[in-house]
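Listed in TrEMBL:
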REGION    1-26  region 'Disordered'
BINDING   14, 28, 31, 37  [4Fe-4S] cluster binding site
BINDING   67, 68, 69, 70, 71, 72, 73, 74  ATP binding site
């Protein structure tokens, strides 16, 4: 427990040996360190000083949160980072989803290793102005499960914050796991003294997802993190009509692919249909979706991003959706959301960029 580190054999919700409630809270019951923590002298965590010093070169810190997994939070984190870097900002992307690190895949960095210098751990770079840090770079086998209790996860998050040398950054984007667990409490606690610009919360339109997003909004309010806005992701399937496959179902339930015939007929008989975008509601949004929830909870609604197969493909390939016209539907929606964020919260950075 040197330097206030949480021991690996501590209980899951350990308050930390330097906490006033160390050894006394309900979470300490049955912990082998309970007596030591209760009687040890208390004081400020020296690592917090190191974190403040390390973060002094980072202008803006943004948390990306979600109530549930599978809503596209990491995809949004990756594309936000790509977009900011394309605007010539210095960007860092920190993946603190310890048990499900998907950022290395989504940035095209699978198989990369972390290197250490006399300045600390070096991020893995996509471009000279876009660095990434994730536990995914530390696993000898990408299929290996990370089975850690809360204290060990918190220890790694602290190490990322105090030991990674980012250099001068305009933006540090933090991709958090879904929910409101130990990792969220830790990142807020560790960064509080350095200033957090706020959180962007990603959801899908249906009530099953929005129920948990409400909890996420309340979490932010309780810990004093501003909600920069909510993004409704997978807001209907949108893609060019010519990108669809067309099937004819037989009486026995078998499918026959008639795509080639349909596209040929369309080009010959109705060429104006070739450029039509087809849209279909995938998730039920009859309850008003994220926009209604934002009005009710008094937080900004940033916009909708459609479910675009081309965006999914870009994420699988670790590419930016902004580099070509393939993600035309989703890229425009994401661009509008990012421009709104920059205009509403970081006007001074926009001025410098221009």
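Note: Cβ is positioned from N, Cα and C throughout, glycine not excepted.
This view paints the features noted in TrEMBL onto the structure.
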residue	record	Cβ within 10 Å
28	[4Fe-4S] cluster binding site	21
31	[4Fe-4S] cluster binding site	20
37	[4Fe-4S] cluster binding site	25
67	ATP binding site	24
68	ATP binding site	18
69	ATP binding site	13
70	ATP binding site	11
71	ATP binding site	24
72	ATP binding site	21
74	ATP binding site	28
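Taking the mean position of the Cβ atoms of 67, 68, 69, 70, 71, 72, 73, 74 as the ATP site, the remaining same-chain residues with a Cβ inside 8 Å of that point are 66, 178, 202, 203, 204, 209, 233.
Put simply, of the binding-site residues 14, 28, 37, the one whose Cα is nearest the Cα of residue 71 (ATP binding site) is 14. Sequence-distant contacts (6 or more apart, same chain, Cβ under 8 Å) of residue 14 ([4Fe-4S] cluster binding site) comprise 6, 7, 27, 28, 31, 150, 151. In this structure the C-alpha atoms belonging to residue 72 (ATP binding site) and residue 37 ([4Fe-4S] cluster binding site) are separated by 40 Å. In sequence order, 64, 65, 66, 175, 176, 178, 202 are the residues near residue 73 (ATP binding site), counting only same-chain partners six or more apart with C-beta under 8 A.
It is 35 Å from the Cα atom of residue 69 (ATP binding site) to that of residue 37 ([4Fe-4S] cluster binding site). Counting residue by residue with DSSP, the region 'Disordered' (1-26) contains 4 helix, 0 strand, 22 coil. Excluding the listed site residues 14, 28, 31, 37, the same chain places 10, 11, 15, 17, 22, 23, 25, 27, 33, 34 with Cβ atoms within 8 Å of the centre of the [4Fe-4S] cluster site Cβ atoms.
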